[in-house]
């Protein structure tokens with residue numbers, strides 16, 4: 001047994017995406033472009049909602065929170081990925097790894113809950129439009145958002161603490177580009193069945209419950225839309241939900257694949273590809289999907305650009 005196997009890991013080496021110099025440069029430029037797009041797209045959405053009163057509605061309040069989560073979520077992973085891709089130093093400290101895993105879990109959980117809250121908001125808007133302003137008031141919005149953040153950060157603390165109490169003595173080479181539970185479990189020389197059960201319970205409480213609530217909301221929404229006699233009314237109702245459904249499908253599909261399966265089905269190369277979808281691609285696509293499919297948002301941006309251009313040439 002070599003020295004690595006005899007001692008507990010105090011640092012981890014992230015194996016990353018590739019060791020080929022040419023591919024490393026391509027990956028660096030690609031992820032830098034996606035990260036820049038994520039930051040600019042989500043920041044633009046937040047700024048537009050803050051500056052324009054026409055967008056200061058419950059739906060955009062929840063959407064702004066989603067945009068902020070996406071910025072933080074991507075920022076816990078991508079900067080380290082960029083640094084390790086372009087340099088030869090792929091080392092991450094034990095504490096740094098723990099913090100990265102905890103925040104990525106907590107922010108991912110918060111996104112699940114916010115998506116469920118947004119589905120509930122659309123359910124009330126479409127199924128109970130006359131009661132919308134009474135039910136979805138400012139107090140409820142703040143309660144739903146603060147509750148989502150608090151619950152996510154609390155429940156994920158349990159998972160992070162249990163994971164980093166494991167003895168990592170098989171190796172300190174983490175076959176991934178960031179600190180995530182499935183590859184970390186494989187480095188432990190202790191049976192991880194308790195940790196896996198905790199993952200399933202935590203995932204069931206947050207991801208699965210959020211998904212079920214979202215699904216139930218859309219069952220009622222679609223049923224209500226189908227009962228609308230006007231074709232134009234149906235199209236308008238579907239357009240307000242289409243972007244949210246697209247984001248939900250992409251996000252939950254990748255999350256469930258990663259965390260709701262036996263560890264025996266773990267495949268490093270496949271899991272890295274799937275992880276890229278929800279850590280890098282989804283945060284980048286969210287503001288694009290919502291802005292392109294939302295006429296209110298695109299209309300506000302066009303008015304803002306038109307106003308600035310008119311003032312410039314006056």
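Keep in mind that glycine also has a Cβ here, set from the backbone N, Cα and C atoms.
The domain 'G-protein coupled receptors family 1 profile' annotation in TrEMBL covers 41-290.
Marked as transmembrane segment by TrEMBL: 25-47 (among others).
Summarising the annotation, TrEMBL assigns transmembrane segment to 59-82 (among others).
According to TrEMBL, the feature transmembrane segment maps to 102-120 (among others). Packing against the transmembrane segment (102-120) from elsewhere in the chain are residues 59, 62-63, 65-66, 69-70, 72-73, 76-77, 144-145, 147-149, 151-153, 155-157, 159-160, 178-181, 202, 206-207, 209-211, 213-214, 217-218, 244, 247-248, 251-252, 255, 278-279: each is 6 or more residues past its ends and has a CB under 8 Å from a CB in it.
Here TrEMBL flags 140-162 (among others) as transmembrane segment.
The annotation transmembrane segment is assigned in TrEMBL to 197-216 (among others). Counting same-chain residues at least six beyond the ends of the transmembrane segment (197-216), those with a Cβ under 8 angstroms from any Cβ of the stretch are 109, 112-113, 115-116, 119-120, 151-152, 155-156, 158-159, 162, 181, 248, 252, 255-256, 259-260.
According to TrEMBL, the transmembrane segment annotation covers 237-260 (among others).
Residues or ranges marked as transmembrane segment in TrEMBL: 272-292 (among others).
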**Study point:** Positions on the same chain near the transmembrane segment (59-82), where near means CB under 8 A and six or more residues out
**Key:** 14, 16-17, 28, 31-32, 34-35, 38-39, 42-43, 45-46, 49-50, 92, 100, 103-104, 107-108, 110-111, 114-115, 117-118, 121-122, 125, 141, 144-145, 177-178, 279-280, 282-284, 286-287, 290, 297
Point to revise | Distal contacts, the transmembrane segment (25-47) - CB-CB under 8 A, six or more residues away | key: 17-18, 63-64, 67-68, 70-71, 74, 78-79, 81-82, 85-86, 280-281, 283-284, 286-288, 290-291, 297
Review point. The transmembrane segment (272-292): which same-chain residues, six or more beyond its ends, come within Cβ distance under 8 Å?
Key: 17, 31, 34-35, 37-38, 41-42, 44-45, 63, 66-67, 70-71, 73-74, 77-78, 104, 108, 176-178, 180, 243-244, 246-247, 250-251, 254-255, 257-258, 298, 301
